[in-house]
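See below for the structure under consideration.
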Amino acid sequence: MVGCAEYKNAPMKLPKEVAQELAETAKKLVAAGKGILAADESTQTIKKRFDNIKIENTVENRASYRDLLFGTKGLGKFISGAILFEETLFQKNEAGVPLVNLLHDEGIIPGIKVDKGLVSIPCTDDEKSTQGLDGLAERCKEYYKAGARFAKWRAVLVIDPAKGKPTDLSIQEVSWGLARYASICQQNKLVPIVEPEILADGAHTIEVCATVTQKVLASVFKALHDNGVLLEGALLKPNMVTAGYDCTEKTKTDDIGFFTVRTLRRTVPPALPGVVFLSGGQSEEDASINLNSINVLGPHPWALTFSYGRALQASVLNTWQGKKENVAKARAVLLQRAEANSLATYGKYKGGAGGSTAGASLYEKKYVY
């Protein structure tokens, strides 16, 4: 007779106290009405942002800008966590206050970008793999000591039906890399945000995006399972299901809501606490409206919220212009945008926050950061 011993052909379980901490942190990150501020732009990417407002990309200016963001009073009402670039995790403002302390003052959980960028996958037509697994465990330990409680790793795929993209090889590579990263993070008490971004590049229809996104997410969750990742202590950061940027058919926001929700229901286990969408180059306003269209289709088995970078910061940067006298106005803009997205998580955003400038597209082809 077969006894009740545990099945041995399975990954080792996390210690109970670690699993509990991860699950609690993940739930806090997707608390009702809150989302995540993605402020993890690399030094090269923030240079592009600063070039647009004609300020120099110096350590001091980067610290001043992050101080503007994190020092916004009341931000914690709408923002649960902030993803930081490594430099920012250890940085101080002009007054000598660590920037992470500003987040703590608002009850915002610090997180950290841990991937090391993209490289081409051999034997593919420039499809990408993400670097950064080497030494990740040691880095996670240091990030945890510095106050980080979650991490983010971005993988990228492109849709090109004529070239068969994404190939099965690239989907497999992306899925396995995300799963290994997630497992390493959890072993070191960091909640992993799993980001398989399908870029908006291309002229494909929304139906094609739905098919590809479904295939990718199914592969990702299979890999997470195979690597013993605790779903209750992880979050997913996917693209919304939209048509390609160059598609001639204008996509309605209701269709984005329908196809996105259908795709998630077909692929994402309810054990996962939440999904934090990336904005993917949508305008600030579109990112809020489309998130609203997703949430009006609830109730859902997971929290569906936001993890926006450009869609929270574009108008803030344009208002700030690198000038101290504009900091208060820029912070007011950030609060307005954060509140709009908070309302969208309830399906109660009516549109109009930020005026006409919030409708400007933030799309960048082959976006890297």
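Numbering starts at 1 and runs along the chain as displayed.
Each residue, glycine too, has its Cβ placed from N, Cα and C.
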* Same-site D-glyceraldehyde 3-phosphate binder from Glu138, Glu142, Glu173, Glu195, given that Swiss-Prot records Ser42, Thr45, Lys113 -> Glu195
* **Listed binding-site residues (Arg49, Lys152, Lys237, Arg310), ranked by Cβ neighbours within 10 Å, top entry** => Lys152
* To do: Go through Gly280, Gly309, the listed binding-site residues, and name the one with the sparsest Cβ surroundings, counting other Cβ atoms within 10 Å.
  => Gly309
* Calculate the distance in Å between the alpha carbons (Cα) of Gly281 (beta-D-fructose 1,6-bisphosphate binding site) and Arg310 (dihydroxyacetone phosphate binding site), and round it to a whole number. => 7
* Tell me the Cβ neighbour count for Gly281 (beta-D-fructose 1,6-bisphosphate binding site), meaning other Cβ atoms within 10 Å of its Cβ, over all protein chains shown. => 21
* Structure fact -> Simplified DSSP label at Lys152 (dihydroxyacetone phosphate binding site) comes out strand
* Measuring Cα to Cα, tell me the gap between Glu195 (D-glyceraldehyde 3-phosphate binding site) and Ser279 (dihydroxyacetone phosphate binding site) in whole angstrom. => 12
* Can you tell me the three-state DSSP label for Arg49 (beta-D-fructose 1,6-bisphosphate binding site)? -> helix
